[in-house]
Amino acid sequence: MRVALLLPLLSLLLLQSSTCEASQVAKAAEPPPFFLQDTSDGLCLSGAVFKRCAVDTLWYVTGSPGEYQIHLRPAEEGGREQCLAKKTCTDSVKPEEVKLSKCAHCGSKKWNILGDAQQGYVLSFDEGKTCLVREPKTNKALTVSCETTEYSYTPLQLNFASKDDIKTMSSPGARLVTAANSGQIKEVKRALKDDVDVNSVDWDQLTPLIAASQGGHIDVVKHLVNNGANVDAVDKDGISSLMEASIAGHLKVVQFLVDKGANVNLKAGSDVNAVWLAAGEGKADVLQYLIKKDADVTAKRMDGIGALASAAVAGHEDVVKVLLKNKDVDVNESDNEGLTPVMNVCEHGSVAVLKMLVKAGGDVNAVSVNGFTALIVASAAGNLDQVKFLLESGAEVDAMHEEGVTALMYAAASGHLEVVELLVSKGAEVDKRHSNGGTALMECAASASEGNVKVVEYLIKKGADHAVVDNDGVTPLMSAASQGQCKVVDLLLEMEKKKSKNVKPHVDLAATSGGTALMFASGAGKDECVKSLLAAGADLNMLVEAQPEYLDKLAKSIEAGDETEAHVDGINSLMIAAAAGHIGVCKLLIDAGADVLAKDEEDKSALAAAVKGNFGEVAALLVDNGADANDAYVDEEGVEHNLLHDSIIVENHDFSKLLIKNGADLSHIDESGVTTLLQASHRGMTEVVALLLEYDKAKTIDVNAANEDGISALIAAASEGHSEIVKSLLGADADVNAKDKDQTNALMAAAVRGHGEICSDLISAGAEINAQNVDGHSAIMFAYNGFAQVQTLWSRYQSYLEESNEQDDEANSKIIKEALANHTAVVTLLTKSGADLTLKDNEGHTAADFDYHPEVDGDALEQAKVEEKRKQRTKKKKKKKGDKDSEL
Ligand SMILES: *[C@@H]1O[C@H](CO)[C@@H](O)[C@H](O)[C@H]1NC(C)=O
Ligand SMILES: *[C@@H]1O[C@H](CO)[C@@H](O)[C@H](O)[C@H]1NC(C)=O
């Protein structure tokens, strides 16, 4: 059991409660109630057990993930508050029954709900130590260790109930149905005394009598019938009380209902009757009784399946026995697909039932609409004893499917050796071909089932042709290679060696699709198969070249919507392996001399294929082995990409470096004017920047190139605080006074973010201290402003701590204090370096107006209360200055 991968059901449960309608804002809304439903049979968790979903199986949740309390919604107003609880509160993970208890119980406080609407939800307790499951084949809810392998987890659907749903479920009639279903005779009696209609229906059109019959509560059934319940009422699916009792095998209820005049031949919406349902569920005693009461045994479901077939497919021996005694039952009846009870039981595997059917005259050689025979069904399922019995009873061993597929082929494809041996010993033709030209050996090689090595071995021993070629030009060797069945590949190669000195022609055969065994193995990604084929001399550099008949076939299936991808010629094994990300195979092929630079007819290389599949390791391997680092690739939208640029955008340091070292174009500029250098500088890829500059011997990189907003590599790195990159760029003669479109320079960008070391480097490199941007702001103003921002953050943090009674988080405090210190250092540095404090910006403000008060700063903790006015102004300034933090 694995729940670790499921997502926590964040706050869905709690959030919903806050979205109350406007008119109700004053009234606290009740958290939304929901059902926890087991979709396998639709029953709902009600506490210790699963039962029919009703108003008393609704839950709501309080708390937070990992500490949820799961409350049973009281069915009555003012009802007792109860919570779902783990029975013991020790951390015992032994299976225990779940219970309902007071919400103060220690076992009710640590629930979590994990999952999603698709997979369903799992309730877990105490940090996922135990999980709630339904005991197999019962209605009991248990908590078991989430790690256990003994139980599989029970995914539950979480269905919210609306007010209207609850209103319907709370009606007296619906409550009577619920009471009848759980056999609460007292409640039923009380309700009837209170004049609740004995034939009232709930939301599923269920009447109290149908519900009681389903539950097998004979006392309730009697009381209801004696008080006027309609014995032939049906629910929304047309299911009557008698049918429900028959399904569940409640013989006494069945007898009572029939005595009271229930119609034994009513048919449900799907055309089945009580007999059919009892047969399918294996309720032989009910069936016998109904037959005695003249029930119709010949009813068929809408799909043509009769009672006998329905019992046979489930292997219900005693039911089959009862039915076969009845003269109206036809042992050869077939459903709408021509399947007979004999075929049905061959799917199940019961020999006893098969024998009974055959003894009663069941046809062992009937063929279904799709060409199945009983022998085929039993062989495909590997039911050896049934195969034996069928053959002894005259089944034709080579009877064929309309596509010519025999029992032997099915058994071989499923890897059932014993069945294969039996069929061959009874004369099955080993090399018989189906309509596509394949044989049992081919089918076996083409399937991934275990045990097929032995089957292939056996078939070859019995004379099967290992080198047969089907109508698509496919050989067993290709089939096995495509499935990664390497032992079969070896076996087939061995056979070929025995036959001819030179195995290469066979190994290099191409199917009509143009694929060779090596290509198929490369696509399957099995190193062992590739090794064997290479050792047998497979041609590494063969290229796909499809035959016209293949292209015709493909065109037809694209037209029919079965295929979506058009065919491409010129592909080699390496491209196939690269496209699928099989690094091991790629290595083998490259080591054996594969052409790394080859391109297909669409001009795509193996490298392009690896990049398209996002297989970084494979791409690196290819570049390392001579692939063209400037291999432009074009994506689905037709946009041409530059590998190095893309690699930098995803911050793949290693691959970027590899590309640079292998001759990638260093001066690529994307459509918004961003150079490779600018991209790497912005992202702080220090080594990549250094390498770009180092490998640019031809000086193709413009160090000062800026993007549309005028941001240069230096401004970006300075703003983001990448000090090593700033040093590299300055070393490469970047213009220290370059300005963006607002005339903001690198020093200003570094100053506002408090990057002291960078400011110092820029100043040493000749940055103009008192330059002003379009707003008239200078570096020192930026520095003051940056400080004020941190200060605001600090005061907000302080008041947050006060309001929430949180303990001071040391780590947070430390970072903010450090930032304050960094900003202070920048202000000091700029002042010392000759920043003009009297400069005015366009609004006439000087640096001091940006609210930096060095005298009070000594103890930043004292600064918690900052005047409202200052805050307002800071806000305004902040907005105006904008922020260099934005993406490039
Ligand atoms: C079932 O069909 C077979 C083949 O047609 C026939 O020989 C056999 O008598 C039939 N059985 C019964 C009971 O009708
Ligand atoms: C303060 O500056 C140092 C040195 O540049 C840096 O490592 C640190 O991350 C800065 N701290 C904060 C909170 O910005």
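Placed from the backbone N, Cα and C atoms, the Cβ positions cover glycine too.
Annotated signal peptide per TrEMBL: 1-22, in sequence order. According to TrEMBL, the feature repeat 'ANK' maps to 204-236, 237-269, 337-369, 370-402, 403-435, 436-471, 472-494, 513-545, 569-601, 709-741, 742-774. Feature annotation from TrEMBL assigns compositional bias 'Basic and acidic residues' to 847-870. Annotation source TrEMBL lists region 'Disordered' at 847-888. Residues or ranges marked as compositional bias 'Basic residues' in TrEMBL: 871-881.
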Helix, strand and coil counts within the repeat 'ANK' (513-545) (DSSP): 17 helix, 1 strand, 15 coil
Contact ranking winner - 204-236, 237-269, 513-545, 742-774 against the repeat 'ANK' (569-601), Cβ under 8 Å: 513-545
Composition by DSSP (helix, strand, coil) of residues within the repeat 'ANK' (472-494): 16 helix, 0 strand, 7 coil
Mean per-residue pLDDT computed across the repeat 'ANK' (204-236): 95
